[in-house]
């Protein structure tokens, strides 16, 4: 379960930010999670609920997640398309010369401090 490792990293980032901004409590954290990131939302929530008990700054916080769609770009024809629906091969020109534009990321979008 790599979700716990992600939560630990996010917690460290939030602790550093709280120190810099003189925050005593975080009310909520919103993450943008890519559709093909491999992150399981239920596992993230479970890991958050477990870890926040060990971190006073996050003790009363809520984790929110927004899913970012996976979008692939075709280098051959310039088409962008839904990765999950069509995979690696471009549905317009059948080229395998494609790469993922969005959908694999996990980033902090918003922090609500109290």
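Glycine residues also receive a Cβ, built from the backbone N, Cα and C atoms like all the rest.
DSSP assigns residue 2 (Ni(2+) binding site) to coil, not to a helix or a strand. Long-range Cβ contacts of residue 2 (Ni(2+) binding site) within its own chain (separation 6+, distance under 8 Å): 38, 39. As annotated by TrEMBL, Ni(2+) binding site applies to 2.
Annotation comment: TrEMBL describes 74, 77, 90, 93 as Zn(2+) binding site. Sequence-distant neighbours of residue 90 (Zn(2+) binding site) (same chain, 6+ residues apart, CB-CB distance under 8 A): 72, 74, 76, 77, 79, 81, 96, 97, 98.
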- Query: Which residues of the same chain, at least 6 positions away in sequence, have a Cβ lying under 8 Å from the Cβ of residue 93 (Zn(2+) binding site)?
  - Reply: 74, 76, 77, 79
- Taking the Cβ of residue 77 (Zn(2+) binding site) as centre, how many other Cβ atoms lie within 10 Å? 13
- Message: On the three-state reduction of DSSP, what should I expect for residue 93 (Zn(2+) binding site)?
- Response: coil
